[in-house]
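Annotated features in Swiss-Prot:
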| type | residues | note |
| --- | --- | --- |
| ZN_FING | 6-28 | zinc finger |
| ZN_FING | 34-56 | zinc finger |
| ZN_FING | 62-84 | zinc finger |
| ZN_FING | 90-112 | zinc finger |
| ZN_FING | 118-140 | zinc finger |
| ZN_FING | 146-169 | zinc finger |
| ZN_FING | 175-197 | zinc finger |
Amino acid sequence: TGEKSISCSECGKCFIKSSELTVHQMTHIGEKTYSCSECGKCFASLSHLRVHQKIHTGEKPFSCSECGKCFLNRGSLVRHHRTHTGEKPFFCSECGKRFAASSDLRVHRRTHTGEKPFSCSECEKRFLNPWSLVRHYRTHTGEKPFSCSECGKCFARSSDLTVHRRRSHTKEKPFSCSECGKCFTSSSELTVHLRTH
């Protein structure tokens, strides 16, 4: 029947198998018994450890039949495949906006609730999602982890590196104006241009 009959006493989440509930409950009590021999990071289940270990080996066994891009796990491949199909099965009940990944919907919902659960330990500024916090934190550390293979220039954000490569090296302009056909290296440049029409 597909009925989820076993629930977690801590948060109420339901499961079909008791083994799934056991693994889930470890996330509450902090019990993580499987550790990575490479970096020491710990996991609640062996399957999660095995997925993590592929980061060290570079193994990406799941490949996209459309474009050949490879992924660490099946879930990432499924999410990626939606970029080809345009499928967006997750929608916001507040505004109707649709998303390809449930995690994107979860972050989007915070724009309605105003929740910003991730805070900077340096300045207390708060963010909707963890990657925005990581990006922001680089303004304090000065870290620029993205370097150009052509000239060696470094950037704090991967998107800045992409725009730099287009401007300085490839001369690629993938964003075109539907009104006049003029092309731009970044979506932000196109947005500014569109205001002139």
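Keep in mind that glycine also has a Cβ here, set from the backbone N, Cα and C atoms.
Taking every recorded stretch in 62-84, 90-112, 118-140, 146-169, 175-197 and counting its Cβ pairs under 8 Å to the zinc finger (34-56), the highest total belongs to 62-84. Per-residue pLDDT, averaged along the zinc finger (175-197), amounts to 92 for this model. Panel annotation: around the zinc finger (118-140), residues 107, 110-111, 156-157 of the same chain, lying at least six beyond its termini, place a Cβ under 8 Å from a Cβ of the stretch. Break the zinc finger (118-140) down by DSSP state and the numbers are 11 helix, 4 strand, 8 coil.
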